[in-house]
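Worksheet: the structure to be examined is printed underneath.
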Amino acid sequence: MKIAIGSDHAAFPLKSILVAHLREKGFEEILDMGTDTDSLPCDYPDIALKVGEMVAQRKADRGVLLCGTGVGMSIAANKMPGVYAAHCHDVETASMSRRHNNSNVLTLGARILSPETAVEILDVWLSTEFEGDRHSRRLSKIADYEQKICPSCCLSDKGKTVIFDHPLVQHKVSIIRDKNTSVKEFRELVQEIAGLMVYEITRNLPLVKIQVETPLALTDAYALEGKKLAIVPVLRAGLGMVDGILQLVPNAKVGHIGLYRDPETLMPVEYYCKLPGDISERDILILDPMLATGGSASAAISLVKARGGKKVSLVCIIAAPEGVSKVHGDHPDVDIFAAALDSHLNDHGYIVPGLGDAGDRLFGTK
Ligand code: PRP
Ligand code: URA
């Protein structure tokens with residue numbers, strides 16, 4: 001088990017005791033996120049958010065946070081979607097916070113607890129399992145809320161479907177649905193919607209601290225760590241989303257998959273596939289405005305995986321429930337990001353209400 005631990009200056013001595021205790025008990029992967037001394041004051045939110053991030057991003061299995069009372073650490077860590085920080089004064093609360101609440105961060109007060117009690121609480125908390133059952137239902141209500149307020153913050157082992165209900169996205173989707181919208185406007189709006197969606201999808205891209213010299217001073221700043229992205233439009237209609245995304249992430253590599261849907265069988269037919277050589281090292285966004293039966297999207301994902309793609313997400317504008325089920329059924333690890341989830345498919349496999357044939361509307365070929 002990987003444990004991220006942090007404290008402010010007031011709890012630094014307790015942190016040293018707990019780290020030594022964990023090492024003695026055989027926990028080898030302990031990530032000490034600071035602070036490094038008790039002689040300089042530090043701000044508890046800085047440490048709480050570092051540890052919280054490690055847990056929320058699954059870089060650590062559990063987190064432990066210590067400050068004078070433990071309260072500030074718990075307040076700050078619980079701001080982070082995916083963090084369930086339990087502030088515990090006794091063994092019973094620590095045990096219940098695991099059994100019923102599946103807490104993944106423990107906060108303790110160094111000025112409230114003796115080191116012996118803190119060690120006891122920590123041991124119980126680390127060794128107690130979540131009971132699941134009715135408690136899973138309750139926790140999923142919290143997770144649903146987190147997903148609503150921050151769709152891309154929530155990591156999960158299973159593929160999720162995220163519908164972007166941002167007003168700007170919804171407004172633009174209404175215009176592209178309108179049969180009277182011109183090809184020019186349709187094309188522009190598809191780019192804009194794709195850009196807005198990817199702006200949100202990339203919210204958790206890792207940053208590194210850099211130094212920048214402004215005309216006035218040298219200052220700390222942040223730059224993208226350089227996580228490798230690839231976008232893969234499904235031809236034709238997926239091409240309409242590419243430029244809107246490249247404007248935001250100009251260094252993303254672009255692959256192409258050619259698929260069309262046989263009008264009789266509705267089955268996808270492959271006619272082209274060219275992907276970046278290092279696709280296995282990239283986070284991959286497959287682009288297609290329409291997810292109807294899901295046949296094309298599922299085939300595109302299979303093609304990318306067959307060529308080594310590991311972390312794949314699907315970005316579409318309008319999805320049908322049938323397509324969502326198909327993609328999650330065939331590829332349970334893939335997240336689906338959509339701007340709208342429509343009602344159903346008609347007898348010809350078109351999304352209702354949808355927007356008609358996306359390729360034709362983008363390229364004026366009707
Ligand atoms: C459309 C759309 C998807 C597919 C969706 O492409 O862009 O790729 O249909 O349908 P499905 O979920 O039932 O597979 P189309 O086959 O019309 O090709 P085009 O983009 O070249 O027009
Ligand atoms: N492809 C489209 O372009 N539109 C649909 O509604 C379904 C498949």
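A Cβ is built for glycine as well, from the same backbone N, Cα and C atoms used for every other residue.
TrEMBL entries are annotated by machine, without manual review.
Of the residues Arg236, Arg282, Arg307, TrEMBL places Arg236 in the same 5-phospho-alpha-D-ribose 1-diphosphate site as Arg261, Asp288, Pro289, Met290, Leu291, Ala292, Thr293, Gly294, Gly295, Ser296, Asp357. Close to ligand 2, meaning a Cβ under 6 Å from one of its atoms, is not one of the binding-site residues Arg236, Gly294, Ser296. Within 10 Å of Ala292 (5-phospho-alpha-D-ribose 1-diphosphate binding site), as judged by C-alpha distances, the binding-site residues found are Ile351; the full candidate list was Ile351, Gly356, Ala358. Residues Arg236, Arg261, Asp288, Pro289, Met290, Leu291, Ala292, Thr293, Gly294, Gly295, Ser296, Asp357, recorded as contacting 5-phospho-alpha-D-ribose 1-diphosphate, have a largest CA-CA distance of 17 Å. Regional average pLDDT for the domain 'Phosphoribosyltransferase' (164-365) in the model is 94. Within the same chain, residues at least 6 positions away in sequence whose Cβ sits under 8 Å from that of Gly294 (5-phospho-alpha-D-ribose 1-diphosphate binding site) are Ala320, Glu322, Gly323, Val324, Ser325, Lys326, Val327, Asp330. Listed in sequence order, the binding-site residues near Ile351 (uracil binding site) (C-alpha within 10 Å of its C-alpha) are Met290, out of Arg236, Met290, Ser296.
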